[in-house]
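K.L.:
Can you read through this structure? Questions will come right after.
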Amino acid sequence: MKWSEICIHTTHEAVEPISNILHEAGASGVVIEDPLDLIKERENVYGEIYQLDPNDYPDEGVIIKAYLPINSFLGETVEGIKETINNLLLYDIDLGRNKITISEVNEEEWATAWKKYYHPVKISEKFTIVPTWEEYTPVHTDELIIEMDPGMAFGTGTHPTTVLCIQALERYVKEGDSVVDVGTGTGILSIASAMLRAKQVEGYDLDPVAVESARLNSKLNKVSDHIEIKQNNLLDGVEGEKDIIVANILAEVILRFTDQAYSLLKDGGYFITSGIIQQKKQEVKDALVKEGFTIVEVLSMEDWVSIIAKK
């Protein structure tokens with residue numbers, strides 16, 4: 001079978017939304033070539049686990065590669081991808097070069113070549129993300145391993161916004177807590193919460209592909225008994241008091257449900273938000289304070305921030 005490789009040269013800011021656009025268009029896996037992977041600060045903090053080849057990465061910006069089967073609908077699909085990516089400009093997302101190229105690859109090449117980009121990555125004091133095909137031996141007895149299959153949907157869990165959320169969850173989730181994960185995607189934040197011994201974890205996503213992916217990943221990591229994944233729009237219809245609400249989505253979306261988050265949280269509960277670019281940080285902070293939250297902490301990595309607010 002022949003595959004079409006779509007390469008998009010863009011910015012760090014646009015990686016997450018463009019990756020989601022590609023998955024929603026039916027891409028069988030997404031590869032992110034980011035030169036910052038060669039020098040990321042977290043590698044200095046948590047230790048180098050693998051070696052990367054600089055020749056695989058662009059000099060500037062980020063290259064996103066996605067793979068679509070070659071069929072009669074390919075042209076229409078590609079045009080739809082281009083249009084949806086350009087619509088990100090309406091959300092003030094910098095697309096950079098936004099250069100898109102298309103080439104053809106054989107199934108044999110695709111089936112193995114993309115795996116070279118994915119290796120175990122330690123992203124916090126406790127958590128290490130490990131691709132399903134990698135053999136990995138924990139370095140510490142209290143190390144928590146999350147297995148992910150990048151070919152399923154929505155990336156590997158090593159994007160800065162996800163890393164920040166997991167680091168925040170590690171700090172604030174207590175044994176027995178109730179956690180709601182808004183826009184769960186792969187389910188990685190729900191999985192991390194369950195591994196941190198949260199008693200009740202709910203993950204919601206509007207995309208049925210994400211819901212299925214999250215359910216599969218929770219089973220893969222043997223925490224499905226502690227997580228309920230449902231298709232849902234943000235916090236609509238969610239009931240009961242929660243200890244923690246976590247949301248790794250665009251700032252514009254977060255601003256739409258700060259009132260619901262405040263209402264659902266117990267007194268003293270935490271609202272952990274990420275997916276926020278530096279330029280939107282103050283706007284989100286102001287909205288949270290206006291709603292009644294107290295800003296406890298702001299974490300940052302590259303161009304992204306995570307804001308932890310307390311009710």
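Placement of Cβ uses the backbone N, Cα and C atoms for every residue, glycine included.
Annotations for this protein, taken from Swiss-Prot, read as follows:
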BINDING   THR162, GLY183, ASP205, ASN248  S-adenosyl-L-methionine binding site
K.L.:
Specify the secondary structure state of THR162 (S-adenosyl-L-methionine binding site) as given by DSSP, simplified to three classes.
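P.N.:
Reduced to three states, the DSSP call for THR162 (S-adenosyl-L-methionine binding site) is helix.
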K.L.:
What three-state secondary structure does DSSP assign to GLY183 (S-adenosyl-L-methionine binding site)?
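P.N.:
The three-state answer is coil.
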K.L.:
What are the sequence-distant neighbours of GLY183 (S-adenosyl-L-methionine binding site), meaning same chain, six or more residues apart, C-beta distance under 8 angstroms?
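P.N.:
Residues satisfying the criterion: TYR204, ASP205, LEU206, LEU234, ALA247, ASN248, ILE249, VAL253.
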K.L.:
Give the maximum pairwise CA distance in Å, whole number, for the residues THR162, GLY183, ASP205, ASN248 listed as binding S-adenosyl-L-methionine.
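P.N.:
Of all Cα pairs among the recorded S-adenosyl-L-methionine binders, the widest measures 16 Å.
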K.L.:
Let's check the environment of THR162 (S-adenosyl-L-methionine binding site): how many other CB atoms sit within 10 Å of its CB?
P.N.:
26
